[in-house]
Each structure stands twice: as C-alpha cells, then as structure tokens.
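All remarks here apply to the structure that follows.
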Amino acid sequence: MASRMTSSTSTLSLIFSLLVYVVLPLVCMSADSDPLQDFCVADLNATVTVNGFPCKPASAVTSDDFFFDGLSKEGSTDNIFGSSVSRGNVLSFPGVNTLGISMNRVDIAPGGMNAPHWHPRSDESGVVIKGRVLVGFVTTGNVFYSKNLTVGQMFVIPRGLVHFQQNIGKEKALLYTAFNSQNPGAAVASVNLFGTTPSIPNDVLTKAFQVDANVVNGIKSKFESSTKCLEF
C-alpha cells in the first residue's frame with residue numbers, strides 16, 4: 001500500500017513539474033497585460049514619455065477623445081508613389097492609447113503603390129474597399145507571396161515583413177488596414193535608404209546595391225525633393 005502511495009505521489013509530482021515547465025514560459029511570453037483602468041486617453045503634450053504616452057486626467061477627457069473622422073477623408077495621391085496613408089494611430093487618435101489597436105486608410109491612384117515598407121511593432125490585416133490591388137510581402141527567407149485582390153477581399157501581413165500594395169486597376173483604389181498596436185510604426189525601404197538626413201554614405205549604398213555612385217546620387221536626388229510631400 002505504501003509503495004503504491006509513493007508511486008502515485010511521484011507521478012503527480014512529475015505531472016506538476018511538467019505543467020510548470022510548459023505553462024510558465026507561455027505566461028512570460030504573453031501579450032501586454034490588461035489595462036488597469038477603463039481608458040487612458042494619451043496626453044500628447046506630456047514632457048515625459050516611457051514606451052508610450054501617459055494618460056490625460058480623467059477630468060480632462062471628453063467624448064471627442066473616443067471618436068475620429070480622419071479616415072473618412074480621401075488623401076492626396078499627388079506624389080512620387082501615387083498613394084496616401086491616413087493614420088488612425090495614437091498620434092492622431094489619442095483614445096486608442098494602451099488599447100493595442102489602430103487603423104489606416106490607404107488611397108492609391110491608378111498605377112500607384114503604397115511603396116515597400118514594414119511595421120516594426122505590429123501585424124497588419126486589411127480589406128479592399130474599392131478597386132483592384134496587388135498585395136505582396138517577402139519573408140526573411142526571401143520568399144515572395146502575393147495575390148491580386150478585389151473589393152471585399154482581405155489580406156494579412158506578419159509583423160516586421162516588407163510588403164506593399166499596388167493599384168492594378170483603372171480607378172482609384174481604397175483600402176482600410178488594421179493593426180494590433182496603437183503605434184505600429186512604418187519604415188519605407190526606399191526612403192529610409194535614399195532619403196535620410198544626413199545621407200547614408202554613398203560607398204555603403206554602392207556596395208549594397210552593386211551600382212556606381214552616379215546611380216546612387218540619381219536615386220537620392222529623387223527623394224531629396226519629394227519626401228516632404230509624402231504621407232507614410
């Protein structure tokens with residue numbers, strides 16, 4: 001009898017130990033903790049920010065903090081890429097602060113594109129509202145996935161992967177995209193490499209792209225005069 005109880009106790013101890021080893025890492029790697037208040041409208045005028053914005057005093061919060069019409073207006077596509085991105089993130093819509101959500105409106109002229117870029121802090125999902133759009137992304141293993149989408153069709157882009165949307169139709173295209181971050185960030189590949197201030201040294205770019213300095217200078221000249229008009 002005693003040996004059976006000892007064996008049973010040992011089995012239970014083993015099962016418990018296995019559960020600890022399996023569950024504990026999952027808890028440590030879980031997403032952001034739940035908010036400890038109903039809301040935390042961002043104080044965009046705060047002088048100190050630590051990985052986000054502090055909350056406005058509840059007494060200063062109004063109904064307008066929870067509503068945003070910035071995605072209802074068509075953006076100008078009169079730029080070198082023929083596209084416009086209107087953002088509904090914490091910087092323009094403080095009510096999403098700490099909620100881990102945001103949205104964009106993407107307008108693309110015929111032949112235009114939302115140029116190759118990536119979001120360092122968020123996955124992305126989107127739906128085509130108007131037009132025909134080629135959506136594609138590239139994995140870290142250099143595999144390219146793409147599909148032509150029409151109205152009502154959706155797509156998903158994993159976090160941190162380079163992707164784009166190109167209008168392949170004869171009319172303006174409209175997309176809405178959603179993110180699991182209040183501030184997903186956006187790094188546009190061509191602008192980051194050729195439109196920086198100060199400029200990346202030519203010898204770095206000539207080596208990276210295996211071209212001569214004249215080609216690099218020609219590309220830089222296109223972005224030096226255009227990046228101020230772009231909306232990313």
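The backbone N, Cα and C atoms fix where each Cβ goes, glycine too.
Caution: TrEMBL annotation is automatic and unverified by curators.
Looking at the candidates C28, C40, TrEMBL gives C40 as the cysteine bonded to C55 by a disulfide. It is 14 Å from the Cα atom of N104 (oxalate binding site) to that of H117 (Mn(2+) binding site). Cβ neighbour count within 10 Å across all protein chains ranks H119 highest among the binding-site residues H117, H119, H163. The Cβ of N104 (oxalate binding site) has 23 neighbouring Cβ atoms from other residues within 10 Å, across all protein chains displayed.
Of all Cα pairs drawn from N104, N114, H119, E124, which the record names as binding oxalate, the longest spans 14 Å.
The number of other CB atoms found within 10 A of the CB of N114 (oxalate binding site), across every protein chain shown, is 28. Across the range of the domain 'Cupin type-1' (69-217), the DSSP-based residue counts are 22 helix, 57 strand, 70 coil.
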